[in-house]
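Enquirer: What Swiss-Prot records for this protein is below:
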REGION    188-220  region 'Disordered'
COMPBIAS  200-212  compositional bias 'Basic and acidic residues'
MOTIF     277-287  motif ''HIGH' region'
BINDING   278-280, 284-290, T469, 498-499, 506-508  ATP binding site
BINDING   D310, Y450  L-glutamine binding site
MOTIF     505-509  motif ''KMSKS' region'
Amino acid sequence: MVLKDDNSEKSIELFISIGLDEKTARNTINNNKVTANLTAVIHEAAVTDGCDRNTGNLLYSVATKFPTNALVHRPTLLKYIVNSKIKTPAQLEAAFAFFASTGPEDFKLNEFEEACGVGIEVSPEDIEKAVKGIFEENKKTILEQRYRTNVGELFGHVRKSLPWADPKIVKKLIDEKMYELLGEKTAADNEKPTKKKEKKEKPAKVEEKKAVVETTAEPSEEELNPYTIFPQPEQNFMVHTEVFFSDGSILRCSNTKEVLDKHLKVTGGKVYTRFPPEPNGYLHIGHAKAMFVDFGLAKERGGCCYLRYDDTNPEAEKEEYINHIEEIVKWMGWEPFKITYTSDYFQELYDLAVELIRRGHAYVDHQTADEIKEYREKKMNSPWRDRPIEESLKLFDEMRRGIIEEGKATLRMKQDMQSDNFNMYDLIAYRIKFAPHPKAGDKWCIYPSYDYAHCTVDSLENITHSLCTLEFETRRASYYWLLHSLSLYMPYVWEYSRLNVTNTVMSKRKLNYIVTNKYVDGWDDPRLLTLSGLRRRGVTSTAINAFVRGIGITRSDGSMIHVSRLEHHIREELNKTAPRTMVVLNPLKVVITNLESDKLIELDAKRWPDAQNDDPSAFYKVPFSRVVYIDQSDFRMKDSKDYYGLAPGKSVLLRYAFPIKCTNVVFADDNETVREIHAEYDPEKKSKPKGVLHWVAESSPGEEPIKVEVRLFEKLFNSENPAELNDAWLTDINPNSKMVISGAYAVSTLKDAAVGDRFQFERLGYYAVDKDSEPGKLVFNRTVTLRDSYGKGGK
């Protein structure tokens, strides 16, 4: 902490030395990016011993505004500033505009100087003449408006005729001219102007309504197409990042024209992305967002997206996960251009590691994991860091041949152990693991790290857009450092916010724990937000993709998306695609006393609410018999004004059937539990009750309806963000997150339902047939409740 304070004070002293006031200097160090940029600019300009205030202000502007696509030209601009060839803000803004359009390409100095007014001296006499002319042109207006005159407009007129004039002199002469023409300010000049309110005629109401419709804002281009934020492949020439080294030097990483041209020739200018999951678990809804970004961008641009398995850890990968990932990607509606594995490139990666050593950018290290951690905390170099290149080459070959024991050596990248970015602390490139690889077999006993393989394979596959979540943003420096060190093509990297949804966990470690320890019923437990769990629950890939698209591709990190937002998209989709049917969860017997026991009335029930009468496929048959069943929650002994269920002496309408009126209640032996209800039906439908109930009837006397099992799911965790509970997160699991109802009754048409079929159980919600179903025993999972459970326990 003391070290940080010391560095801060040194930065403040440095910034004050170029003319910044202390307050500005202290505010600046609160912004790490500006601090790093300004420090670099001061060193590049060679003014670490200080400079005049005007120069310092220009340098500050360079640090905060210089175009990132032309950082290779920043030293040139700084020379012009330090040598007083560019000395006004107007010249500097012109320089920024020039370099923004030039980018990293070479330019002619004479064109640059002409664009920035280098060498043009505007005398005070020239400025005075211009100011005088502007005042003569606008004298009448100035006399009318006096000191309310828009001085900015006058200033702009002068700058238009003399763009390189010193703004301070221009302002001074305008002020003098105003005083000369108007004299001292009067009391009236200091009064705020009063605006006359114009009477506006009220348009007719019909016109008002029309106007609202006509002025409705159209969705932005980004809302219609979230991929507009990404550049085209041919634009990949800008400086991707600046790597600030502890010695004050700066590495600016960008593709050369030759490298970019070669890349574009291979790709044909197409967009190439990749979806790179590690096959060590099942994919969850966060991966759905990654797929939407990676596959979606490629599809929108007519490009290609790899499905690349990041299989660098032989001990974590399983064939089960590999098969699951490929299958679930296709279920989500995405078609990989090609399926690859990082292990496909093990030989190329090894050869590049050898080249990295030869170039002096990697070394074989013998520190233990604890020693590496300690040295990183102290920002100390490994004692083996500066060993001879030939020695590292020999040892790395011995690592490959299995001569060195596991844990006794690693290959580390020679980056910067004193950097402010911990991702530059000589990251491990290779480690020894005597474990067979699921795909590569026993050919290798050294395996590349994520930090080494990820960016390298991106380059080898000519990825144009390497897209990942924000926690990888600090890895940009090491990503581009490695590609630059190997002279490889550099993809465009962009980070977006991780998808966090309430009342669940999406950490693979935590998911693996609750699956392994039987807190849930496997990776596809419907309570999990794994994609297989959502699918088993009855959620469609269309709904998931709509949810992800609705969130957008943002960089605002840390926000939790409420699970109700996902449920909204699920309902929207199932409302359009799930046929209606009737199931009674907790059956209560109703005997229709005025219907003969052997009489059966066949009725039409709607599969779709907007079904046309002439479309027979939109209807299904339901029997109405002497014995029907309603839900226990739809009956009360005591009626109330806001209750629309059944009660003694009260009528309700059985959906698609007839009104019935409760005439008697039969109790069980305890004289409290209602065993059955007696009712009369109204075959003429003369009564018009408000309450409408779903129901299921016996299809023949004494034959009970189809019995099904229904599983009701609630949120798996009680807290919106169980991660905040740290080690106590398991105590937050909702013990009532799963309820099994084994004796529900269903209409007979459901007997042929297949696994995965989805339905709306009227008045209850959306349900899907579970894989645990067997012949004669259907199991349904509740996907999501209805938006409005009308008539349930109230209105």
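The backbone N, Cα and C atoms fix where each Cβ goes, glycine too.
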Enquirer: Expressed to the nearest Å, what is the distance separating S507 (ATP binding site) and D310 (L-glutamine binding site) at their Cα atoms?
Expert: 17
Enquirer: Given the binding-site residues N280, T469, S507, which one has the fewest other C-beta atoms within 10 angstroms of its C-beta?
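Expert: Among the binding-site residues N280, T469, S507, the lowest count of other Cβ atoms within 10 Å belongs to S507.
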Enquirer: Roughly how many Å lie between the Cα atoms of N280 (ATP binding site) and D310 (L-glutamine binding site), rounded to a whole value?
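Expert: So the Cα of D310 (L-glutamine binding site) lies 10 Å away from that of N280 (ATP binding site).
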Enquirer: Return the member of E278, K289, L499 nearest to D310 (L-glutamine binding site) in space, with distance defined Cα to Cα and candidates limited to these binding-site residues.
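Expert: Nearest listed residue in space: E278.
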Enquirer: Can you give me the Cα-Cα distance between L499 (ATP binding site) and Y450 (L-glutamine binding site) in Å, rounded to a whole number?
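Expert: That comes out at 22 Å between the alpha carbons.
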Enquirer: Name the residues of the same chain, 6+ apart in sequence, whose Cβ is under 8 Å from the Cβ of H287 (ATP binding site)?
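Expert: Same-chain residues close to H287 (ATP binding site) (Cβ under 8 Å, separated by 6 or more) are P277, L531.
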Enquirer: Cα distance, Y450 (L-glutamine binding site) to K289 (ATP binding site), nearest Å?
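Expert: Answer for this pair: 21 Å between alpha carbons.
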Enquirer: To the nearest whole angstrom, state the Cα distance for the pair T469 (ATP binding site) and Y450 (L-glutamine binding site).
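Expert: On Cα coordinates alone, these residues lie 15 Å apart.
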Enquirer: What's the CA-CA gap between I285 (ATP binding site) and Y450 (L-glutamine binding site) in angstrom, rounded?
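Expert: Spelling it out, the Cα of I285 (ATP binding site) and the Cα of Y450 (L-glutamine binding site) are 22 Å apart.
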Enquirer: Between 0 and 100, where does the mean pLDDT of the motif ''KMSKS' region' (505-509) sit?
Expert: 91
Enquirer: DSSP on the motif ''HIGH' region' (277-287): how many residues come out helix, how many strand, how many coil?
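Expert: Helix/strand/coil tally for the motif ''HIGH' region' (277-287): 3 helix, 1 strand, 7 coil.
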